[in-house]
Amino acid sequence: MTRTSIATVCLSGTLEDRLEAAAAAGFDAVEIFENDLIASSDSPEDIRRRVADLGLTIDLYQPFRDAEAAPPPRFAAVERRFRAKLDLMARLGTDTILVCSSVAPDTVDDDALAADQLRHLATLAAERGMRIAYEALAWGRHVSTWEHSWEIVRRADHPALGLCLDSFHVLAHTEAYGEIAALPGDRVFFLQLADAPRLDMDVLQWSRHHRLFPLQGRLDLAGFTRAVLATGYAGPLSLEVFNDVFRQADPHRTAVDARRSLIALAADLTPAPHLGGIAFAELGVEPGTGPQLEAHLRTLGFAHTGQHRSKPVQLWEQGRARILLNAGAPTAIRAFALESDDPTASARRASELLAQPLPRRRRESEADLTAVTAPDGTEVFFCKGPAWRGDFLPTGENAAGRLIKEIDHLGLAQPFDRYDEAALFYRSVLGMTDDEAGEFAAPFGLMRTLAIRNEDRSVRLSLSVPLLRRGDWAPAVPHPQHITLLTSDITAIEHTVPIPANYFDDLAARGVRETTALYDEDGHGSYRQLFTPVVGRRVFFEVVQRVGGYRGYGFANDPVRMAAQRHERMASASGG
Ligand SMILES: O=C(O)c1ccc(O)c(O)c1
Ligand SMILES: [Mg+2]
């Protein structure tokens with residue numbers, strides 16, 4: 001595989017923390033970001049040794065700013081600064097410096113001058129066996145496109161001067177990057193990769209705060225990377241992501257997330273096997289929550305059909321919906337199982353994408369379910385057919401209920417700093433695609449939700465996060481997870497949390513006659529939602545009815561649902 005590299009600016013912590021995290025995640029190299037070096041109390045020699053001890057190399061030093069097209073009187077200072085950085089690079093043991101296009105107000109709009117000055121700097125670098133990778137910043141004063149930076153590199157015509165192509169700067173301006181493939185590969189000195197959501201905002205702010213790892217955003221990273229590799233470029237794929245959340249997240253996790261993005265981008269993965277649906281969802285239950293969850297399941301028409309042979313795990317069933325209650329775990333969705341055409345291949349793909357394999361905890365006599373752990377701690381099992389049911393002894397109860405047909409989707413709440421990581425994980429490991437996304441103001445802060453699904457929508461997951469780290473005012477417990485159950489008759493569902501009359505008045509004003517359930521519609525059909533109270537402040541059941549091929553998840557109703565659940569909890573706490 002192509003070498004992988006990560007800029008220290010992507011990660012959080014001291015330079016030492018960042019280097020360790022990059023090495024632990026399996027990167028080959030790093031880009032040392034100047035600010036991170038300046039802030040470090042280690043000497044360049046210490047850093048060089050540390051990098052080598054960790055099995056890394058420093059493939060780039062960056063950035064060098066405001067070099068080209070300087071007014072000639074200022075160029076002497078540029079040259080002095082540049083020589084000092086070459087000395088520093090020699091001490092660090094790296095040979096490539098990134099020069100980004102000038103932004104200084106006094107920069108001259110003169111390509112010939114820019115080329116002359118860069119040629120001069122390239123001569124100085126070449127004397128030391130070093131080279132310059134010139135990058136067009138999307139907000140550069142006069143040079144802001146890759147075409148323009150290439151024109152200057154071509155004009156300067158020096159073997160120690162080449163291009164740095166940064167996906168963000170290119171794709172922020174254009175989707176027509178195809179001509180990059182025609183560049184001579186030996187003039188592309190460095191490739192930086194960053195994705196981003198599509199945001200209509202100032203490009204510098206967009207770049208400095210919202211970059212993401214490849215396949216986490218909406219830019220065409222796959223196509224762009226293919227175009228650059230088609231030139232014959234043989235350097236590393238290097239991640240350079242400025243992101244407010246990653247800057248304060250655990251660097252070890254971020255580094256694994258980062259490397260997963262490069263693995264997912266390199267298309268030589270085990271193909272994701274077809275998934276046939278959610279075989280079961282497993283809830284942890286505690287003495288305080290088990291009876292409540294059992295009561296809700298009964299009310300919803302489930303039967304306790306099986307008891308695990310060796311563990312305190314109950315199987316509850318109705319239609320094709322199967323829920324395990326595991327008395328050995330904290331109250332939460334602790335696992336779910338997916339029907340896979342090839343469970344072994346599903347697990348292989350997951351481990352290629354750095355998913356933690358789950359140690360085999362089942363006894364010999366029990367079904368050998370292949371499983372991995374997702375970044376949010378949820379265990380994901382892959383199974384084929386009903387063999388797993390052999391672990392359960394029948395209780396004699398039969399699942400005669402007709403209210404619920406199947407599990408519609410699982411709502412996996414994520415901590416605020418895991419959203420992009422979780423989305424990339426589930427999407428890439430399971431070979432699923434993004435579905436509806438939404439952002440809404442909930443009672444305790446802005447929430448963001450993304451649903452992902454397989455082709456035939458037999459597996460749907462919705463991931464939700466608070467947009468910001470929660471303050472002290474919000475309830476201390478993270479927002480709950482949920483299992484959403486599909487019914488064909490929502491009017492038969494009873495004893496769910498009351499929905500405020502104001503909500504139905506609003507529906508009526510919109511011409512919708514509905515008096516019992518939350519309501520949504522899309523171009524295909526309509527949706528009705530009811531829900532239980534939150535149990536143990538961690539999980540609840542939702543029941544939905546889809547009419548006429550509605551495809552969404554009713555995200556817009558989430559604030560009403562949250563407020564209603566909160567109201568219900570306060571009312572029952574005060575005995576009301
Ligand atoms: O935001 C910046 O200034 C900046 C600096 C160096 C880079 O390589 C880059 O892509 C952006
Ligand atoms: Mg860059």
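For all residues, glycine too, the Cβ spot is worked out from N, Cα and C.
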Site co-member for Mg(2+) according to TrEMBL, given His409, Glu542, out of His308, His479, His482:
His482
TrEMBL has Glu135, Asp166, Glu240 down as binding divalent metal cation; which of Gln192, Gln205, Gln216, Gln292 does it also list for that site?
Gln192
Rounded to an integer, what is the Cα-Cα distance in Å between Glu135 (divalent metal cation binding site) and Glu542 (Mg(2+) binding site)?
51
Please list, in sequence order, those binding-site residues from Asp166, His409, His482, Glu542 with the Cβ less than 6 Å from ligand 1.
Asp166
Relative to the mean position of the Cβ atoms of Glu135, Asp166, Gln192, Glu240, the recorded divalent metal cation site, which additional same-chain residues have Cβ within 8 Å?
Leu98, Cys164, Leu165, Ser167, Phe168, His169, Phe190, Leu191, Leu193, Ala194, Ser238
Sparsest-packed among the binding-site residues, when each Cβ's other Cβ atoms within 10 Å are tallied, from Glu135, Asp166, Glu240, Glu542:
Glu542
Compute the C-alpha separation of Gln192 (divalent metal cation binding site) from His409 (Mg(2+) binding site), stating it in Å without decimals.
37
Taking the center of the Cβ atoms of His409, His482, Glu542 at the recorded Mg(2+) site, which other residues in this chain have a Cβ no more than 8 Å from that point?
Asp408, Leu410, Gly411, Ser462, Ile483, Thr484, Leu485, Phe531, Phe541, Val544
Euclidean distance between Cα atoms of Glu240 (divalent metal cation binding site) and Glu542 (Mg(2+) binding site), Å:
41
